[in-house]
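Feature list (source: Swiss-Prot):
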BINDING   70-83, 275-287  NAD(+) binding site
BINDING   Arg90, Arg100, Arg128, Asp217  substrate binding site
BINDING   Asp217, Asp241, Asp245  Mg(2+) binding site
SITE      Tyr135  site 'Important for catalysis'
SITE      Lys185  site 'Important for catalysis'
Amino acid sequence: MKICVLPGDGIGPEITAQAVRVLNSLDLKFEMEEALLGGGAVDATGNPYPEATQKLARAADAVLLGAVGGPKWDSLPREQRPERGLLGIRKDLNLFANLRPAILYPELANASTLKPEVVAGLDILIIRELTGDIYFGQPRGVREENGERVGFNTMVYSESEIRRIGHVAFQAAQKRDKRLCSVDKMNVLECTQLWRDVMIEISRDYPDVELSHMLVDNAAMQLVKAPKQFDVMVTGNMFGDILSDEASMLTGSIGMLPSASLDDKNKGLYEPSHGSAPDIAGKGVANPLATILSAAMMLRYTFGLEEQALRVENAVKKVLAQGYRTGDIYERGTNKVGTREMGDAVLAAL
């Protein structure tokens, strides 16, 4: 079981170190190797996704990533920016399915901006298609027309791309509460009418899963109004980008939220949903729990080790129940700890 570890920038090295400690404590035979991605890779090689990293990532079964980016590199040409490294590895490894859970732990109910009764017990999984849609469609650009500039992008999805993400979503729903909500904008976009048609066709293969449909504007509203109506949601790249960020804030701390990006054989890139937080880098105060929970997703989706994944997730729950908190989730009456102490607490709970 080969894991390519990419600590990345900012708080990335601090939080991945704790996830690696957790994985090593499970007595499984992991081979782990570190490489550069993002700003650190630009500084060392001039390339945000260097060749050595590409080789390592392709040879690994899974990739564990900290975070990339920071204001230090904002003035670089676009192709040299750290974020290009992340887009590059996703494309290189054909990672088309992004899974982002939004779970509200009972101990953190007060962290949400919504009333506790609206979010208590929240457990949503948002599945976003990662490689198609308006982000990658051609033609795109800005041109001169009738004496003014005109910007244009192309929203495009093929039937096979929709089928591929649809199967991932239905199979995920089968393992949960067997409810899938597909989000589109079929009333104005032909591209997403096709999306809905294909989802309905696929649903015949999964008679045990209840499929519903929702327009994206209503879905954005319902996520705030009554989020617990959702179990698994599936949508395209742009809508998924927006809705998964919205759902993450229902929980009150993005420092708690893991994510997985998978290919068609369940090889995956696992990373926290938060950024590189350069303002707190090196201070030992970052929350490592999203990265530790990302490692649990790796155990589940790439290695099929459900029991071990649950062990890690239950250890995180136990640590929260014991009152341990990093600064981002701290409230009066709890025990404020740093990055390594939080890692220690999870190891003790394991």
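Each Cβ is built from the backbone N, Cα and C atoms, and glycine gets one as well.
Feature annotations (Swiss-Prot) mapped to structure.
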| residue | record | Cβ within 10 Å |
| --- | --- | --- |
| Gly70 | NAD(+) binding site | 21 |
| Arg78 | NAD(+) binding site | 7 |
| Pro82 | NAD(+) binding site | 27 |
| Arg90 | substrate binding site | 18 |
| Arg100 | substrate binding site | 23 |
| Lys185 | site 'Important for catalysis' | 20 |
| Asp217 | substrate binding site | 12 |
| Asp241 | Mg(2+) binding site | 15 |
| Asp245 | Mg(2+) binding site | 14 |
| Val285 | NAD(+) binding site | 18 |
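Sequence-distant contacts of Ala277 (NAD(+) binding site), defined as residues of its own chain at least six apart whose C-beta falls under 8 angstroms from its C-beta, comprise Gly10, Ile11, Ala67, Ala286.
By the criterion of other Cβ atoms within 10 Å of the residue's own Cβ, the least surrounded of the recorded positions Asp74, Arg128, Tyr135, Ala281 is Asp74.
Taken residue by residue with DSSP, Pro82 (NAD(+) binding site) is part of a helix. Largest CA to CA distance in the substrate binding set (Arg90, Arg100, Arg128, Asp217): 28 Å, whole number. Cα of Tyr135 (site 'Important for catalysis') to Cα of Arg78 (NAD(+) binding site): a distance of 15 Å. Within 10 Å (C-alpha to C-alpha) of Lys185 (site 'Important for catalysis') lie the following binding-site residues from Arg100, Asp217, Ala281: Asp217. Note on proximity: among Arg78, Arg90, Ala281, the binding-site residues of the record, the Cα nearest Asp245 (Mg(2+) binding site) is that of Arg90. Arg78 (NAD(+) binding site) sits 17 Å from Arg90 (substrate binding site), taking the Cα positions as reference. Ranking the binding-site residues Arg90, Arg100, Arg128, Asp217, Asp241 by Cα distance from Val285 (NAD(+) binding site) puts Arg100 first. When the C-alpha distances from Arg100 (substrate binding site) to the binding-site residues Gly70, Asp74, Pro82, Asp241 are tabulated, the minimum falls on Asp241.
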